[in-house]
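Accompanying notes for the structure given below.
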Amino acid sequence: MNSSIVCLLFSYSYAVSSKIEPFYKGGKVQISKDEKYIFCTCGSRVNVLEISTGKIVHSVEHDDQEDITSFALSCDDELLVTASRALLLKQWDWRQAECTRSWRAIHTVPVASMTFDSTSTLLATGGCDGTIKLWDVVKQYCTHNLKGSSGVVHLVQFHPDISRLQLFSSSLDCGIRMWDLRSSQCVCVLQSHYSTVTSLSFSSDGGTMVSSGRDKICTVWNLKGRKAERTVPVYEAVESVVVLPQNKTFFEIGVTSKDLHFITAGSKGVLRVWEASTARCVYTQTLTAVSEEEEEEKDDDPRSLMYLLHMPASSRLATVTAEHNILLYQLPGLTTQQQFVGYNDEVLDVKFVGKDDSHIVVATNSCQLKVFELLTNSCQILYGHTDTVLSLDVFKKGFLFASCAKDRSVRVWQMDSDSGQVHCVAQGSSHTNAVGTISCSRLKVSFVVSGSQDCTVKVWDLPADLSTTEADIHQLTPRATEKAHDKDVNSVAVSPNDKLLASGSQDRTAKLWSLAGEGNVGLLGVFRGHRRGVWAVCFSPVDQVLATSSADGTTKLWSLQDFSCLKTFEGHDASVLKVVFVSRGTQLLTSGSDGLVKLWTIKTNECVKTLDAHQDKVWGLHGSRKDDKMVTGSADSNIAVWLDVTDVELAEEQAKQEDQILKQQELSNLLHEKKYLKALGLAISLDQPHTVLTVIKAIRQVEDSSELLEKTLLKLRLDQKESLLRYCVVWNTNARNCQDAQAVLQVLLTHVPPEELLQYQGARAHLEGLIPYTERHMQRIGRLLQASMFLNYMWQKMRVAGAPSRVLETNDQEHQEGMCTSYFSCLSFQAGQTGLRLPTFPTCFLVFLPWPEYHRGQPKAHSVLCLLCFKMSFFILTDWSWVKRDSKICNRSSRGCQHNTKTVVVFWWCLLPHSILISAQDKPGVLPHFSFLNEALTDNDLQG
C-alpha cells in the first residue's frame, strides 16, 4: 500500500524518449531516387534523414574526423562516395554504415564537387586544384584527368543522356566548360555569366540547358548550337534552378503554355516561375508576415534559399534555406508539405503546446519560432519577430502561447486544434529594451506579463476574442508598467490564481507583486538571500511557496507569508537556469549551466536523479500538463523529450526480484540433486560471484572433487568461462577463497589453449589482476613452511612426560597409534573444560607440557599445550582468537585472562615431504606469538 502511494506521488527516473538533434550544418544536400531519404553533410558525417518520419536512420562518418567537403549518391541509390579534407575518397554501403573501399584522390587539394552519371558507373570529382577526374567505380580506376579550369571547380554535372558522354563544369572564371569524354577535350566554353555559376538544369529532351548565377541572371542555352538563346534577368542572386517537366500541367503556378518554364530559388527566399521564351516571371511564391522594408533592409535574409531539388516521382520540390531548414513543397500548387530543421543553433526556450502536448515550440538563437510535431519531427517555422526570440510561455489549454524577443515586442500565437497550423493573433511593443521573459495568466486567457532589460514589468490585457486573420493582428497595449528591479528582469511568473506575480532579477532579488487591483502592480515583499542574479522563479501549484534558481548554483524555496527561505537545494556546479514543480508540487526539476537536469524531493532535500543528456547550458525546461513527461533544450542545439519511467522501472525491478527468487530456489534444488553443471550455469546467469563460489565449494566437497570440477567446468559455454575467470579474480583477493579460485584456474589454464584464453573479454586484465595476489599467497605459504620447520624438529626430538624416551624413538607405527589412544582421553578431558571440541583422527601424537599462564605478573592457571600432528594434505586454521584471548601470548592486560581456565592450543600439521601450515586469516602477528616455545623449552628439554 505504501509503495503504491509513493509511486503515485514521487517520480524517481526519467528516460529520453525522443531527441531532436542537428543533422545538417551546411553544404551539399541530395535526395535519393526513390525519394524516401535526404542525404546531407554535418561536419565529418553524412546523415540520412527518412522523410516520412523525420528521423536520422543512417549516418556515415570518416574515421579521421576530418570534415566532409563533398559527397555523391549514385542514381541507383546503392553507392555513396564521400570526400574529406584528408584527400581520401571513401565508398560506402550507406544502409549498413560500412566503408567498402577507400582510395587516395589524385587531387592535390580537397575535392569541392562530385557527381555520378546516370548509369552509376562513372564518378566525376572537381578539385580545388582546377582539375576534374573521372573514376570507374566498378573497375576501380581513374579514367580521365581533365585540365584547363581556373581555380576551384565547384560544379560538375553529366549530361542526362549518357550516350552523349558529355560533362559540364564551372569554376572561378564564370564560364561553363563542355567536355567530350571520348576525346577528353573541352569542346567549348559557354560564356554568359559574370559571377559564380551556381547550378545547371536540362530539359527533358536534353537539347536545352538553363544555368543560374549570382550575377542575378539565368541563361537558356541551345546545346546543339552551343550558344545562349536568351538571358533572363531575375533580380536576385540565384542559387539553384529547376526546369519544369513539359509533359505536365502547372496552371496553379502560372504555366499556361507548352513553352519551357523553370523555377528559381535565391537570396529573396521565394520560389519564382519563369517563362523562358518571354523572360517574364509568371508566378511568385508568397511568404508570411514580412514587410517590404524588412526585405529591403536584409540582404542576408535567413530565408534565402541555397538549394532547390526536384522530386519528379512525387511531383515535389525541396528547398534548403540559409538557416539550414529543409522544406518540401507539393506541385503544382507549391503548398508546404513538410519542414525539417537541420540545425537549431542555441536553444533558448522550449514549451509543450497542442492537444495532449503533441507539439513543442522552440525559441532558438534566431528571429524565427519553430513548432515541432513530436511524432514526425516535421516543423512549422513561424515568422514575425525581427530579432532573437528569448522566452516563451503557454496558456493552460495549450493552444495559445506567447513569445518575447530582442526586438522589444511580445507576440501571442494561436494553434489550430485540427490542422496544427500556428499564426500570430496579437502583438505589442512598448518596452525600451530587449524583452527577456514572459508569463501567461493561469485561470483563463486574460493577460500576459513581460519583463525586460529596461528593468520594468508590464501587464498586457488580451482581447476577449482572439480570432483574427493574418492581415489583421490585434495590437496590445500595457495595462500596467512598474519599474520592478535595479537590473535586468530575468524571469516573471503568474500564480495559479492569477492574483500574484513574482519577478526575479540580475540584482540578486526576487519580488512578489499583487495583480488583484486595477491599474498599477503593487509590491508585497522582497526575497533576499541569493548571492548572484536570479535566473528563474516559479509558483508551487499546491502550496504558498515560491521557487527561485540563481547563478550562485542554488535553488531556494520561499514562504509567501513571511518571505523567509524554507529550503535550499545545492548540487549544481554552475548557474541554475530553470526550475519547475512536478509530481503535484512535491518535487522540483532544475536545469543548469553544467548541462545537467536534477530531480529533487522537496520533503527530504534530496536529489533523487541527475539526468545527463546535454553538453552545454540547458536553457529550456518544461513539464507536460499530465506531469508524465518533460522537454529540455540546450545550447548544444539538442532538444530532448523525457518520459517519466518510474512505474516502468519499479515494475521491472519487482519482476527482476521475483525472477531472482525463483532462480535461487531452482539453484538450491539443483545443488540438492547434485546437478552441478546446471547449478553452475544458473549461478553464472544470475551474475552473482558469491553464489557461483558456493557451487564451486559444493563441488569440491564431494569425492573425486578434482575430476568432477574439471568435468563440470569444461562443459561450460565460452561466455560462462569468461564470467568464471572474472569471478576468480575477485575470489583470489581473499585468502579464504583463494584455494577455490586456484582450483578453477588450474582447470582453465590446463585445458583451455592460451590462444582461446586470450580471446576472452578482458582476459589480459584479469590475468594481470591474478598475478600479484597469487604471489602474495605463495609468499605467505613460504613463511608458514619455514615456521613449521621448528615444530617438525620439536615433534621429532620431544619426549612424552612420564614416558621413557624410547617411546618417541620407536618406529613401530602400531605402538605410536596405541600411545595416541591412551593419551587422547586426557586431551578430551582438558578440552571439555574449555568448551573446545576436538575431532578424532586416525593417526596422531599427543604431547602434554605444563605451561604457566600469567595475569598481571602472577601465575593464575596452567594451560596444556597440545601438539596434534595429523597426516593430511593441508588444513586451514580459521580462528586464532581463542589463542590470543586466554594465553599470555596476547595482550597481558586483557580482562579475559582473569578467568581460571585451561586452554588447549591445537595445531593441525601436515606430515608430507613438505609440510604446510596455512593461516586463512593471514594475520601477520599470530605466528610470532608462539615465541613462548623458546621460553618454555630449553635446550636440555629438547635434548631429552
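Cβ from N, Cα, C; glycine included.
TrEMBL annotations: computationally assigned, not manually curated.
Look at TrEMBL and you will find 664-798 tagged as domain 'U3 small nucleolar RNA-associated protein 13 C-terminal'. According to TrEMBL, the repeat 'WD' annotation covers 104-137, 146-189, 190-231, 382-417, 428-462, 482-515, 527-568, 569-610, 611-642.
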Legend entry - For the repeat 'WD' (428-462), the number of residues DSSP places in helix, strand and coil: 0 helix, 20 strand, 15 coil
Inset, instruction - Mind checking which residues of the chain, 6+ beyond the ends of the repeat 'WD' (611-642), have their Cβ under 8 Å from one of its Cβ atoms? - result: 14-22, 343-352, 356-357, 360, 362-363, 372, 374, 394, 396, 398, 577-584, 589-593, 595-599
Inset, instruction - Mind tallying the repeat 'WD' (569-610) by DSSP state, helix then strand then coil? - result: 0 helix, 26 strand, 16 coil
Inset, instruction - With DSSP as the reference, give the number of residues of the repeat 'WD' (104-137) in helix, strand and coil. - result: 0 helix, 18 strand, 16 coil
Legend entry - Secondary structure composition of the repeat 'WD' (190-231) [DSSP: H/G/I, E/B, coil]: 0 helix, 24 strand, 18 coil
Inset, instruction - Work out, from DSSP, the number of helix, strand and coil residues along the repeat 'WD' (382-417). - result: 0 helix, 20 strand, 16 coil
